[in-house]
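Residues annotated as domain 'Histidine kinase' in TrEMBL: 90-266. Taken from TrEMBL, the feature domain 'Response regulatory' covers 441-559. Residues or ranges marked as 4-aspartylphosphate in TrEMBL: D492.
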Amino acid sequence: MALIGILILFISSLQTRKIEQIHKEIFERQLEMEKNQTMLLSNMSENIYGMVNQALKKEERQESRKEPSMSLVRREPELSAFDGIENIEDRLLTVTNDLIEFLRLKSDKIEIVNETFNLNNVLNEISGYICNKYKGKEVDLIFDINNNVPRLLIGDSLHLGQVINSILEHMMERLESGELKLEISMYSTYEESIELEFQFHDTGEGITEEALESLFNPYYDERSSTYRGLGLFVSSELVKMMKGELSAQSQLGKGTSFTLTVPLEIHDRQNKRMYRLPEKVLTGKKVFIVDDNYNAALAIKKTFAYFRHEVRVLSKEAFLKNMPNLMPYDIVVLHESLFNQRLVDYLNKLKLGKELKVIALNSLLRVDEEQFSNDLIDVYLYTPLNQERIFEMIVGMYDISVESIGEGNPEKENALEIYKSHIQETKDITQSSFAAFRDKHILIVEDNVINQKVLSSLLVPGGVKISLANNGQEAVDMIKEKKMQFDLVLMDINMPILDGYAATEMIRLDPKYDTLPIVAFTALVLDSEIEKMYSCGINAFLSKPLNIGKLYTALSMFLLEGEKAAEAEVVAAQEEKQITLRGLDVKHGIAHANNSKVLYMEVLSEFIAAYGKSDILFKKLVNEHRYEQIKMLCIDMRGLTGTIGAHDMLELVNKIHQAILYKNQATLPDFIHRYHSEITALNSSIEEYLSLSGYKAEAA
């Protein structure tokens, strides 16, 4: 018995040691994860500070170059300097938005919401944003979508789009030229669920194994003065929340790949063919395709083949060497660079004897380049493409009526004017300028919470009444309930449940709302997409990201009469005053938020949510002698307080950090009361500033 008892004790001892080792490993991994997450904030602050200084120095150099002169002199270096300032501002805006998103992750404010959405709308908005940001880059962006991928899915379209966008941005930043392809495939799993796989491939130089291992860990690159990987870090966290997986592979000299898998559900499993051409005569067409990128042409072939078209693809080189007979084809898709007088004459001759559709092809990245223009062309088509755009193009090209979203409503005599030109920016607009629209009631239809809050923070302080709808269906319901009268609707297009196209059409079905201005606010940029908005009943188009000068112009077109704008500007100027608060340098903070008071308020609000009660955590860590975590908290707070202009708090956490570094842990209890007093004062100053600025906190 004694032997058995000893054996049991020995086994128990082994198990205990094993459990202790497992707990130790878990704790160490947790510490490492917290260290990685908090270390980035200090670097982020340095990055923001560095970019602000870069912008100011460039502007100073630019001013010093301005010499009074009557002669006409080309000043190309000055133009490039301005371009540099704009690039810095773009990066600063991106980092500020990433900071807000990171703080929302920290304070558990981000929720995954599964709703019905149109995948094509997500892809259109992403391609519009990416191609607008990297316009002119010699990169072929390709969307290669398998024909079994459904049009309507159930999942979190907002965060899925954010992840895809971040990955494409990361790859575009590092790709000077070549090819970037996004392949989308669907795999069935169980019951109603599927798994959507997104594979991203580029033809860049690739990265080392060491760099690959730290790809999702943000860091500050001193050589290029840029912050690396914050978007990927946020993306990896979002993917985990969506119960998906995100990984990366790379090989030097052969490029980099990302694989994203996300579990979703199909909206309608019974409708296996998601796009049905209205007449059988539109199927079975013979299509001939030549693009300057053969892989892009193959992806286009796949979209045409979905509609049971017979498709032939030829390389650009083969076409130039020996142009084939195009008589057998019904649709000819050719890259714009191929068109010359000989080809134009040949195609015109073919058109005399048969119904031939000619499509000129180009990349959305080069949409502003000089376009080939000729009456021969039936459609100008821009890559990257998806099935829905090809479907709409075929229907429109053959002038067949079809009952679908975006068909539009007939124009009505009493309808509001439609402004189809690009909205111009009103200069020198500040937050106070929006007092011009005092007492007006605007419905903001937007699924992105940060965009909702930024718009609200911009308009509410000026006395504008705001209502929010998270999708098109909510907007339609709010308008038709008639409990509130709206003066204007600001309508996003890419939203779950009911998108902006459909919502606008449903609103316009009722003649009572013919005089209700609806302004689109979206990242979509193609002429065909914008025209689709107008055909649905949109009155004007405002592009993302938000430009407050253009927003002011758009609102003025529909909400201001006569001299009211000038009168409101005088009132707004009188109301504007400098706010002085203890421990909070507002001017410094706004400068580090891309000179945007609205973004600065959003950062402050998220700071309070994530770190407003950090004094409780600090006291707990000191009492438990957890010095490594105190050090992490200091790094965390140094980065944030430096960014928002909380100089007193920054000075205190620097002292605490030094006590840790110099092994003066015995002095840490002395800081508990001071930390509590300082964070309380900072919270009070932030809350006072937000209150004076008219900021509305997010509902819990």
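The backbone N, Cα and C atoms fix where each Cβ goes, glycine too.
Under the DSSP three-state reduction, D492 (4-aspartylphosphate) is assigned to coil, being neither helix nor strand. Under 8 Å, Cβ to Cβ, and six or more positions away along its own chain, D492 (4-aspartylphosphate) finds V445, E446, D447, N448, N451, G500, A520, F521, T522. Averaged across the domain 'Histidine kinase' (90-266), pLDDT for the predicted model comes to 85. For the domain 'Response regulatory' (441-559), the number of residues in each DSSP class (helix H, G, I; strand E, B; coil) is 58 helix, 23 strand, 38 coil.
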